[in-house]
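Asker: Per TrEMBL, the features are:
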type     : residues  : note
DOMAIN   : B:8-420   : domain 'TRAP C4-dicarboxylate transport system permease DctM subunit'
TRANSMEM : B:6-34    : transmembrane segment
TRANSMEM : B:55-76   : transmembrane segment
TRANSMEM : B:96-117  : transmembrane segment
TRANSMEM : B:138-165 : transmembrane segment
TRANSMEM : B:171-195 : transmembrane segment
TRANSMEM : B:216-239 : transmembrane segment
TRANSMEM : B:245-263 : transmembrane segment
TRANSMEM : B:275-297 : transmembrane segment
TRANSMEM : B:317-334 : transmembrane segment
TRANSMEM : B:339-356 : transmembrane segment
TRANSMEM : B:362-383 : transmembrane segment
TRANSMEM : B:403-424 : transmembrane segment
Amino acid sequence: EDIAIALHVDPGHEMFQVGERLKETIEERTEGRFTVTLLGTEVGGERDHLEGASIGEYQIALGGSMPMSLYAAPYAASDLPFVFNSSADARRVYEGEIGDAVQESLVTNGNLRLVGLSIRNPRNLTSKVPVLSPDDVSGARLRIPEITPWVEIWSEIGALPSPIAWPEVYTSLQTGVIEMQENPVDFIYNGKLFEVQSHVNQTEHVYSFFHWLMNNGFYEGLSEDDRVLIQAAIDEAIAWGDELVQGNEAKVYDQLVDAGMELTEPDVDAFRAKAEPAIRRVADTFAPEVRDYVLSQID
Amino acid sequence: MIILLALFGTLIVLMIVGVPVGLAMIGASVAVLLSNRGFDNIPYEMLAQRTLYGVNSFTLLAIPAFLLIGRLMNASGISDRVFNVARSLVGHLRGGLGHVNVLSSMIFAGMSGSAVADAGGLGPVQMRAMEKDGYDRGFSAAVTASSATIGPIIPPSIPAVIYGALANTSIAAVFLGSIIPGILMGLSLMALVFIMSHRRGYPVSKRAKLSEIIAAIGAGFLPMMTPVIIIVGILSGIFTPTEASVIAVGYCMIIAFLVYRTISLREFWVICRDTAVDTAALLVIIAGSALYAWVLARYQVTSQIIDFLSGAIESKYLLLFLLMIFVLVIGCFIDSVPALFLLTPILVPLVVSYGIDPVHFGVAMIFNLMIGLVTPPVGTVLFTVQKVANIPYGELVREIMPFYIPLFGMLLAITFIPGLVMFLPNLLLR
Amino acid sequence: MGPMSDVDTLLDPAPPPKSAFWTVVETAMILAFIGMLAVMLIQVVSRYALAIGVPWTDEASRYLYITQIFLGLAVAERYGMNIRVTLVLDMLSTRIRSVIEAIGYLLTIAIAVAVLFGAMRMINQTGNVAASTLPVTMAWLYGVQALGLALYITLLAKDVVATFRRTSSEAHAS
Ligand code: NA
Ligand code: NA
């Protein structure tokens, strides 16, 4: 039987390496009863992959922020900008009773089962001027992904969020259509944004995760032994990947500095204070237990 | 590899029996899925998803915008004004209207993004004038067809927008990189016209007076500013290349409605309808090729091709040469836009792994595919001009043969002299 | 595209007969087309001239585009504008050409039905999956796709009947 894993990242990306490790482990431990096919962006983007896994064309898909906003919106709090201080804080949204509700929601709405979370590097703001306080982004044309809470929070802070498709981001920063963008450092480096931006402002405003999702039909069709075996392989690959990601972060910072970028340490609390009204508005749209947890983070 | 042959074979059979190209690409994909998985296991959802998401791209919005500009310019008489500018400037050379034909196509290229818009819009103006001055119809048609291919090379350009989006490469850089190749292409065609006109003794007209030149340029000045607005707007960061297309639409509408007052609202509605129909006809092909490309990727045919080629070839020049031949063959059979969708995702990772700049490769590939528009058996521009000129297909193909010499010559030049492409992007975008 | 000759139609290239139903479809297509350009314009103007961020423009223009394309697929068929390669068909005698064209129509219908079937399934799957910035579900988008395909299939079915009639009347005449 073949397990198709769809990963919406470049072949060099850490998550692709996690996928490769997963492939090796599964094929080896099941002695070839299962083969694994790794598919990248040539079969589509994130939404395409999730839909594909949802209908069973792919058995496993990697998701960024989308799986939660598409299939479990009342719980999609882990990627809220300026709310959490660490990955550990953000991860609680997937644990305990909330975690069970998340799983149920994903299965009901997306026919997908969350089988693992990979750590991502926190997102930072890049710019052509140093950004230290919310005033520095006031009126700046900022490219962010089309995630409604993100748009709301950044607007509250005073930026002008602009939806620019990722392929046009580099050119748009170069020519000045947009002035700033925000991403994890590995995206900043791989997108060569150091050529068109001068500052990495360490806002670390989003601690999101990569979500590993399995088609629920495939999950339920596995024998108990295979289920345990595959889950163990996933857990091991993810643990290996988390170390890789955290180890690489410092290296990427060095590479960005070598490429001429300056690092700044903005007043993150000031951003959080400015964003608070929007965060409260967004929190009100969540399930009560999630709302309370989010509010406990900013109080 | 078997899958590749099955995909290609089924596609050709379906196209021969008259299935529309876009649907034929879907049909070929379904056939492969059917033979691999059986009737009950066809992923029907994926057929819908790939064809829908294949056109769910902001970048592709440039296509209807540029097609609309072409129609607006033809309906508002801008094509005639452009032709008159070219005539006042080079009409007095030996074989004058041949040169006028090429130059007017070059000017028009700065406003339009599609070769078919050029051939179908400016073509009749060019053909009529040459006929009146006693040129062979075959020669006139050949000049018209070959120069129309400059349209999508000089920016703005639909193929450049598509390539940039698919290759994850700066569209602005591809635009800038195409300017010098486009101008060289025009000059090389004019050189050929010059030689042939001497041999055949084509007429010379009177040199235009300075006052006539000024009058012609004055009449065509506003539309001729379109490329300036587009390039300056992109470089100064006012809008992205995709957004530039809609700005250009707005500008052409202002000229047509407020300045020249040649189009009524009623006519505009019809123009929008025709453009929407053109767009749909083209985008269905893009939707179909998205599914087609997905099947190639799903069965990992693309990665196998890359592995095979990178194992077999060491020199990047040899690779470029072979790829250019490959693209040329594809271009003989498939229209430029679907060919880009088919080839870009396969070839760009390959050339990048050889250290070739994707901007350089893109411009060379687009240039190559434009030649494909005027090569038999399937040449969209050939078909259009054949219809406009009302001559047999075979005669047009025979007459256009000499024009392949400058076209292929320039293709070789820009393939192997990267500086011709990279000079402007390096100068203006670094 | 316009007067492109591999856009050659199998039947009449003349303007299609007037019909209230198709006027509605055509008007919807044209409005989607103009709306799409207008939204792109809003995107540039709002960012640059008014200095406000409008997050929904990218998605809105894409969805209008999709509407225009899939309704346009059917409208294009009415005008005989869908792109086909008729190089080989043109070389055949009228009789053989009619037969092969009929086969072509049937294959086209089969292909379109397969996609339509997939679109219907996707409508069921994505009924509570939201778009990114707009208050619609993805089921609507697949619904537009299904609608365009259904209209297209209806037109093709009519063409098949017409081709068969023509072939059989020719057979009687000879
Ligand atoms: Na052009
Ligand atoms: Na021409």
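Just so it is clear, glycine is given a Cβ too, placed from its N, Cα and C backbone atoms.
Automatic prediction, not curation, is the source of TrEMBL annotations.
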Asker: In the same chain, which residue numbers or ranges, 6 or more beyond the ends of the transmembrane segment (B:275-297), come under 8 angstroms Cβ to Cβ?
Answerer: 3-4, 7, 11, 20-26, 28-29, 32-33, 46-47, 50-55, 60, 63-64, 67-68, 71, 335, 337-338, 341-342, 345-346
Asker: Tell me whether the transmembrane segment (B:171-195) sits in contact with the transmembrane segment (B:403-424), defined here as at least 3 Cβ pairs under 8 Å among residues 6 or more apart in sequence.
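Answerer: Yes, these stretches are in contact.
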Asker: In the predicted model, what is the mean pLDDT computed over the domain 'TRAP C4-dicarboxylate transport system permease DctM subunit' (B:8-420)?
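Answerer: Mean per-residue confidence for the domain 'TRAP C4-dicarboxylate transport system permease DctM subunit' (B:8-420): 87 out of 100.
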Asker: Using a Cβ cut-off under 8 Å, which residues of the same chain at least 6 positions beyond either end of the transmembrane segment (B:403-424) come close to it?
Answerer: 142-143, 145-146, 149, 176-181, 184-185, 188-189, 191-192, 317, 320-321, 324, 357, 359-360, 363-364, 367-368, 371, 374-375
Asker: Between the transmembrane segment (B:339-356) and the transmembrane segment (B:55-76), are there three or more CB pairs that fall under 8 A, provided the residues in each pair are separated by 6 or more in sequence?
Answerer: no
Asker: Out of B:96-117, B:138-165, B:339-356, B:362-383, which stretch has the largest tally of CB pairs under 8 angstroms to the transmembrane segment (B:216-239)?
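Answerer: Going through each listed stretch, the top one turns out to be B:96-117.
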Asker: Which bits of the chain, at least 6 residues beyond where the transmembrane segment (B:96-117) starts or stops, bring a Cβ under 8 A of a Cβ in it?
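Answerer: Sequence-remote neighbours of the transmembrane segment (B:96-117) are 62-63, 66-67, 69-71, 73-74, 78-79, 82-83, 85-87, 89-90, 125-126, 129-130, 133, 135, 139-140, 143-144, 147-158, 161, 182-183, 186, 189-190, 193-194, 196-197, 202-205, 220, 223-224, 226-227, 245, 248, 252, 336, 370, 373, 380-381, 384.
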